[in-house]
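Have a look at the structure below before the remarks.
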Amino acid sequence: MSDIQLRHDWKHDEIEALFALPMNDLLFKAHSLHRQVFDPNEVQISRLLSIKTGACPEDCKYCPQSARYDTGLEKERLIEIEKVLTEARSAKAAGASRFCMGAAWRNPHARDMPYLKDMVSEVKAMGMETCMTLGMLSGTQAEELAEAGLDYYNHNLDTSPEYYGEIITTRTYQDRLDTLSNVRSAGMKVCSGGIVGMGEQASDRAGLLQQLANMEQHPDSVPINMLVKVAGTPFENLDDLDPLEFVRTIAVARIIMPHSRVRLSAGREKMTDEMQAMCFFAGANSIFYGCKLLTTNNPEENEDMTLFKRLGLHPEQGKYATVEDDKEVMAKASAKANAIKDKQSGAFYDAGAL
């Protein structure tokens, strides 16, 4: 790591001035900082698995998992630990160093916690970093997950405080900040970013990044999502964001949070190779890899590796675990799955009913 001075006092007009730079100047500034901190040709790869899909009681206007919108999404119960580990092993074999697990909840409940903690500890035993996104967390829940070994917790701010009320009404901006505070206090790393292309103004994109950069400690990982418009959601007919505005957002995030991983997240399937290359040059150095991001499509793994080869990029290397370690973990998971099979109907429930 470099000795770049980190700031937590960014003014809104300073960030807007960065967005307004000529593109070449902005990219040069972002890339120069990026090279001082990171290997510019290394990309951290994460795999995201939906461990509980649909029937969420929240009203996020971008989200097909909300029970309030008819998007044709089939709701699913919390999946078994054994299946989670099978997916984690596949992700690791494909080059992922971090495995992220997401559930469509407002927040987890007490009966969920034993299963969630088992998922964390068993995935970690495979030599992977772990991340979860489960909605809001209390301080006690954050401590439990940290004790189980959870490395990262994702909870996005979504947009600026000023535009937030146009996106969601069932959870406040302060609720999100409180969850992030609980995560950090428990000793976990924070993963927090937002979504662009939701009809916001450029000032809102600056406002989102200002909130993230002015946290007491910058998020360790900053996912920047491009809105994926899903039929049946209130945002299905919004105009597309200019791709260069997305690249600008990546570049400004890199400049004001130079030590954070900046992740290309949702919407990457619609991006051209050239646009992705610009994002990597601007400072993006993390992606989600393969299949789906919870419910939206993502580029196939072989497409990503082909692009990496063309650009001379390489994945970050994960921790090593032996074949014997993997076998032991899978055997434990199978035994646990059999032990809880009779209780499954009570344990895995419809979150939308709560």
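Using the three backbone atoms N, Cα and C, a Cβ is placed for every residue, glycine included.
According to its DSSP assignment, C60 ([4Fe-4S] cluster binding site) is coil. What Swiss-Prot lists as [4Fe-4S] cluster binding site is C56, C60, C63, and the listing cites sequence analysis.
Sequence-distant neighbours of R263 ([2Fe-2S] cluster binding site): residues of the same chain at least 6 apart with a C-beta under 8 Å from its C-beta are Q44, S46, G193, S221, V222, P223, I224, A284, S286, I287, F288. For C100, C131, C191, R263, the entry in Swiss-Prot reads [2Fe-2S] cluster binding site.
Positions annotated as domain 'Radical SAM core' by Swiss-Prot, on the basis of sequence analysis: 41-265. Taken as a whole, the domain 'Radical SAM core' (41-265) shows an average pLDDT of 89 in this prediction.
A count of other CB atoms within 10 A of each Cβ picks out C191 as the most crowded of the binding-site residues C60, C131, C191.
Cβ proximity to the [2Fe-2S] cluster site centre (mean Cβ of C100, C131, C191, R263, cutoff 8 Å) flags the following additional same-chain residues: S46, L48, R98, T133, Y152, N154, S221, P223, S286, F288. Summary for the binding-site residues C56, C63, C100: the Cβ-based neighbour count within 10 Å is maximal at C100.
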